[in-house]
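This report refers to the structure that appears directly beneath it.
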Amino acid sequence: MINKHTPFIWYGGDYNPDQWDEKTIEEDMKLFKKAGINMVTLPVFSWAKLEPEEGVYNFEWLDKILDTLQKNEIRVCMATPTTAQPAWLSKKYPEVLPVDIAGRKRTHGMRVYFCVNSEKYRERAAAIAKQMAKRYKDYPGLAAWHVANEYGTYCYCENCQKKFRLWLKKRYGTLENLNEKWNTAFWGRIVYDFDEIMLPTELNDDYRFNPAIQLDYMRFMTDSTKECYENEAQVLRKYTPDIPVFSNISGFIKKLDQFTLTENMDCAGWDNYPTPGAPESIPALKHDIMRALKDGKPYIITEQSPNQQNWQPYNKLKRPGEVRTLAYQGIARGADACMFFQMRQSIAGQEKFHGAVISHAGTENTRVFKEISRLGAELKKLGDVCLDGRTNAQVGMLFDWNNWWALELTSGPTQDMDYFYQVHKYYKAFYEKNIQVDILKMTSDFDRYKIIVAPLLYMVKDGVAEKLTAFVEKGGILVATYMTGLTDENDRCIFGAYPGKLRKVLGLWVEETDALFPEERNSIIISKESGRLKGEYSCNFLCDLLHLETAETIGEYGKDFYEGRPCVTKNDFGKGFAYYLGTEPEERFLRDFVDELCEKADIHPVFESVGKVEICVRENAKGKVIFLINQSEESAMVELGEETYEELLTGQERKGTIHLNSRDVVILKKR
Ligand code: GLA
Ligand code: ZN
């Protein structure tokens with residue numbers, strides 16, 4: 001449980017009462033009650049109001065609001081307001097303002113607009129965190145500390161430059177080592193002093209900045225942000241050792257290595273803003289990544305929009321019922337909290353048209369408010385039934401930020417390299433069959449799984465190849481793809497042929513990789529029918545030219561100068577086997593392929609279904625809770641079989657076939 005004193009699903013969201021008068025706040029309380037709100041996050045953006053001048057604090061207004069919330073039995077996810085430093089701070093100490101990659105000093109006015117390495121910023125942030133911790137440590141409604149908001153600003157100021165050099169000294173020890181690891185002899189980039197090392201820049205370079213430096217910069221920024229978080233977290237922990245501390249992650253998760261960033265957090269929390277029209281499997285994958293951050297522990301959906309947003313290119317209204325299906329998608333995948341941005345729509349400012357529980361109309365008689373209230377009542381009914389529930393997936397998928405960065409920083413073989421897109425493609429093939437997937441870190445326990453998929457494992461960190469080899473040896477099924485095993489963790493290529501240390505377990509080596517034009521296709525011709533894969537499939541993106549050692553050919557290329565050469569292979573190894581996909585197959589291939597894999601591994605969806613229905617299971621000490629979610633516009637059917645279940649939202653008994661209309665949700669527990 002996120003906090004053992006809150007044995008319910010957190011329901012509420014970002015609340016900004018400092019924008020409102022007392023009468024409005026009173027009205028809010030009435031409406032919150034109606035909507036079943038039990039938690040609010042505040043005061044995320046109130047630093048300027050809480051500290052009008054350096055060291056002078058004004059907490060009385062917040063005390064009053066906290067009293068009101070307490071009276072209304074609404075708990076608080078207490079934010080330190082450090083995402084938006086006051087103007088006086090930026091003015092008095094310009095060092096807190098960030099410098100962008102082009103070397104431009106940014107002006108005050110944005111939020112998350114500070115240098116995470118600024119000592120002044122850290123000093124003032126820790127100071128206000130301390131004030132808050134001292135003042136509210138005994139506040140009965142305190143459920144968690146939410147530090148700052150959506151970290152993720154890169155800074156290229158002189159101070160960051162200095163700290164980067166120190167960070168490199170620590171990582172590489174000596175200049176000789178750094179020069180070797182970065183291979184600075186190439187293009188004459190040798191450095192004789194740490195002070196000669198420059199931060200990456202997009203200017204002054206005719207081609208690309210050294211990817212090794214860029215990669216280390218991103219690692220450095222992650223570490224710096226982690227320190228910046230820790231700077232406040234340690235203060236909070238000191239005063240309230242039993243209260244969980246975390247920070248919310250932006251849905252655009254690329255910039256910071258979230259595995260590293262969340263290491264010292266008590267739980268993960270993230271902001272889910274799916275792009276209208278994007279497939280549901282994308283938020284599903286992101287939820288699964290969030291669940292992975294703390295190795296399967298429940299996480300918080302800190303934000304989602306109750307309706308349309310304002311910052312998407314086209315801000316579609318959430319369709320009737322959509323907010324509910326999206327919310328349940330998260331809960332079904334491991335979230336114990338369902339929070340929104342924002343509780344009341346602001347009257348002006350950047351996000352005045354962003355959806356809110358209470359809109360400018362200010363009434364409960366809106367479609368959105370009614371939908372939020374319905375969901376609130378349902379979550380209340382669910383109580384703690386799925387809290388702390390885990391997902392016992394049998395398929396694992398490797399995911400790694402360093403790999404992501406290095407792969408995309410690399411020049412060649414194609415400009416269309418998009419790691420997240422690629423991972424999603426493989427993920428989706430399982431998602432559509434309702435086979436649950438756990439996202440795995442390189443350090444995760446692999447042996448719990450029957451199948452491990454490692455899409456584009458370009459960077460093989462120390463020990464990972466050995467772990468994957470042992471996994472297969474013991475009977476696991478491994479799926480590897482093009483762009484695997486090319487570099488080590490310093491982005492240095494492997495000598496002795498790709499995929500380096502994975503060569504034996506895959507039973508092949510890769511001599512060359514051809515990049516296809518976007519519209520260009522080749523084909524995979526199945527040469528050895530082995531179950532589900534039959535006939536011909538199209539492929540594109542990249543085509544590896546392989547040499548098989550112990551692997552056997554499953555499919556071969558249909559054309560080009562490498563026509564007839566293997567592109568899909570299988571290698572029996574120990575008690576298991578490993579597949580290699582040397583090219584990006586069309587989705588139809590992946591559907592057949594996943595069928596074949598699951599058949600071999602004896603993995604089945606919980607229920608058979610017809611139509612687009614998402615089926616997820618969470619299991620806690622009290623048993624399994626099964627979620628059936630139809631996010632589509634069409635109806636769907638699920639076959640429960642002979643067992644009898646209780647439908648938790650209605651109390652009805654269910655067995656046999658269940659029909660789900662568009663946007664229906666059914667939550668079941670075995671009787
Ligand atoms: C982010 C922020 C919020 C708000 C929302 C709007 O996630 O954390 O403060 O700006 O976006 O979608
Ligand atoms: Zn900086």
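Here the Cβ of each residue, glycine as well, is placed from N, Cα and C on the backbone.
Taking the domain 'Glycoside hydrolase family 42 N-terminal' (14-382) as a whole, pLDDT averages 96 in the prediction. Taken from TrEMBL, the feature domain 'Glycoside hydrolase family 42 N-terminal' covers 14-382.
According to DSSP, Trp311 (substrate binding site) is assigned to coil rather than to any helix or strand. Annotation comment: TrEMBL describes Arg111, Asn149, Trp311 as substrate binding site.
Its own atom aside, the Cβ of Cys157 (Zn(2+) binding site) has 22 Cβ atoms within 10 angstroms in the protein chains shown. The Zn(2+) binding site annotation in TrEMBL covers Cys115, Cys155, Cys157, Cys160.
Sequence-distant contacts of Glu150 (active site, proton donor), defined by Cβ-Cβ distance under 8 angstroms and a gap of at least six in the same chain, are Thr83, Val112, Ser247, Asn248, Ile249, Ser250, Asp271. Annotated active site, proton donor per TrEMBL: Glu150, in sequence order.
All protein chains shown were included, and the count of other CB atoms within 10 Å of the CB of Glu303 (active site, nucleophile) stands at 23. Feature annotation from TrEMBL assigns active site, nucleophile to Glu303.
Look at TrEMBL and you will find 393-603 tagged as domain 'Beta-galactosidase trimerisation'.
What TrEMBL records for 613-670 is domain 'Beta-galactosidase C-terminal'.
Checking the recorded positions Asn149, Glu150, Glu303, Trp311 against ligand 2, none has a C-beta less than 6 Å from an atom of that molecule.
Between the CA atoms of Trp311 (substrate binding site) and Glu303 (active site, nucleophile) there is a gap of 15 Å, rounded to the nearest whole number. Rounded to the nearest whole angstrom, the C-alpha distance between Cys160 (Zn(2+) binding site) and Arg111 (substrate binding site) is 19. Closeness to ligand 1 is met by Asn149, Glu303, these being the recorded positions among Asn149, Cys157, Cys160, Glu303 whose Cβ falls under 6 Å from the molecule. Within 8 Å of the centroid of the Cβ atoms of Cys115, Cys155, Cys157, Cys160, where the record puts Zn(2+), the same chain has further Cβ atoms from Pro98, Val99, Val116, Asn117, Ser118, Tyr156, Glu158, Asn159, Gln161. In the three-state DSSP scheme, Glu303 (active site, nucleophile) falls into the strand class. Here the CA atom of Cys155 (Zn(2+) binding site) lies 17 Å from the CA atom of Asn149 (substrate binding site). Listed in sequence order, Pro98, Val99, Cys115, Val116, Asn117, Met221 are the same-chain residues six or more apart from Cys155 (Zn(2+) binding site) with CB atoms under 8 A from its CB.
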